[in-house]
Amino acid sequence: MVPDELILGHSRYQLVVLACAHISAFMAVFHQVSTYLLSRPVDHWCKPPAQYAHMSPEAWMNLSIPLEEEGRYSQCTMYDPPDGPSNATRKVVGCVQWDYNLSPGVQTMVSQWNLVCGDALDLPVIVVYTIVADMLSIPVIAQVSDKAGRRNVIYACVVFAVVTWGVVYFATSYVLFTVGRIFLSIALSTLRMNTLILLFEVTSPGYRDCFISAAHLGVALAMTSATMLGCATVSKRTVLAVGMMPTALFVLAVGVVDESPRLLATRWEFDRVMNVLRWMYRVNGTSFAPPPLKNHFQVKRNEAFHDLVQVTILDLLSQAALRNRTILVGGVWFCLICSYYASWQLSPKICDVTLLLVISLYQVSTAPVSCVLLRLYGRKASLSVVCVLSGGLACVQSVSVILPDYMATILRHLTLSTILLNFFLCYVYTLELYPTVMRTMGVCTAMLCGKLGSVVSFFVRDQSKVHPSVPDILIAALMIGAMVLLSWLPETKYTKVPDTLYDVETQVVRGIVIKMFQK
């Protein structure tokens, strides 16, 4: 509802919001993938009693740890007594405490709370707990964002994220640690969505697609950081510190950020719209001539007031156009996220600096490539082509067992980078599908549907036990599924971004009329 020509989209104010979106994307994505780093298995064995503590690990295991069928030492049992005359006369008992194959000073989540043997971590269950918490809380918070404002929710999320991170960092109880990470996930996911939506709403159409693409360089940086940390077993606190270090930069930048003028206009708060626009122009170093906004919005006053009072999360289900969009774009996100995390879990460790640099360049290059595609072609066409490319690479990956290891590794990460390119394109498309009055609700609901894909990715990954090619064939099928779902969604490149439910209904009617004339 704010005329697009009033918003400058390529100067200092938008760059500050872009920095906030970039940092929040890094923190949210790194927090999610850090679950895999924190829960990595560590080689362990029964801890010797005090009278045997002087023995080296090798001598202790030779003396008192049973050998399993595959010829490796047991990780969960020991002989009792440890130094009996023969193995046949000694009982095999379970471990009471454990020692871990870790460098001095390194303590992981597994070693701190002895999450081994009977208490071993079930990683899919942890991910499910986090997603269920997101599904219960984020839609409510998203509705608050659409009612109370993006900036207020961003400020609240920053404070909440810092507090919960402190709880997680200093937690001495595994239950407290897990609950803290769940709440931290909610705060960071909400922070990421709101900063991204704010960037979308304060950037003019000529620069919006490139700014949104650039904001997701934080995703590439997070995945690269996780890949580097995956080369070795690192301390739990190191992983947590890396994930939250950018918070200080975020706090410095977010102080410049004001509310979304588009959202304020839908609430008929014209004085605040003027103040926000005046502040944006001041930060950008340009002069501002107040436009006749009340005349501009008089036509939409009734519908804006109706949306403000009536719009809730239930409108995503009750409004046919929004319901169809949410189901379809949620399905697209499900396919993309499931494919990405399944492929990432199948990727080998990379500790070679040159290879890591090449892969990092792959991932970083996805942002400018997505910007070019969005400028030259429609949203659906760009997404469909990249889905086909991702599926084709996955098919090639399924026969990579015949390739040398380094070539298979490069191919795997090229597939990952191509799927990541789909992420960048789909974020712009998803933001354009929903009206301003419920953009946060719509985007968050679609993304939560997609997050279910991260749970299914464990199933896809585990199919490698059936045959190494099966996961990549499933990934290719998911890419085809995403392309099919996209064919039922509307094109958004050549339409104005909707502000109210009335705008969405108008777009639907216009689309029907255009199709009738095309026939």
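Just so you know, the numbers here start at 1 and follow the chain as drawn.
Cβ from N, Cα, C; glycine included.
Any TrEMBL annotation is an automated prediction that lacks curation.
Listed in TrEMBL:
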TRANSMEM  12-33  transmembrane segment
TRANSMEM  123-141  transmembrane segment
TRANSMEM  153-176  transmembrane segment
TRANSMEM  182-200  transmembrane segment
TRANSMEM  212-232  transmembrane segment
TRANSMEM  238-257  transmembrane segment
TRANSMEM  326-343  transmembrane segment
TRANSMEM  355-376  transmembrane segment
TRANSMEM  383-404  transmembrane segment
TRANSMEM  410-429  transmembrane segment
TRANSMEM  441-461  transmembrane segment
TRANSMEM  473-489  transmembrane segment
When each of 182-200, 326-343, 355-376 is checked against the transmembrane segment (441-461) for Cβ pairs under 8 Å, which one has the most?
326-343
Please work out whether the transmembrane segment (355-376) lies in contact with the transmembrane segment (153-176), by counting C-beta pairs under 8 angstroms that are 6 or more apart in sequence and asking whether there are at least 3.
no
Of the listed stretches (123-141, 153-176, 238-257, 326-343, 410-429), which one yields the highest count of Cβ-Cβ distances below 8 Å with the transmembrane segment (182-200)?
153-176
Which stretch, 12-33, 212-232, 238-257, 410-429, 473-489, tops the Cβ pairs under 8 Å count with the transmembrane segment (153-176)?
238-257
Mind pulling out the one from 12-33, 212-232, 238-257, 473-489 with the most Cβ pairs under 8 angstroms to the transmembrane segment (326-343)?
473-489
Highest-contact recorded stretch vs the transmembrane segment (473-489), from 12-33, 212-232, 238-257, 410-429, CB pairs under 8 Å:
410-429
State the residues, same chain only, that lie 6 or more residues beyond the ends of the transmembrane segment (212-232) and have a CB under 8 A from a CB inside it; answer 'none' if no residue qualifies.
18, 21-27, 29-30, 33-34, 36-37, 40, 195-196, 199-200, 203, 238-239, 242, 344, 347, 349-351, 356, 359-360, 363-364, 366-368, 370-371, 374, 416, 420, 423-424, 427-428, 431
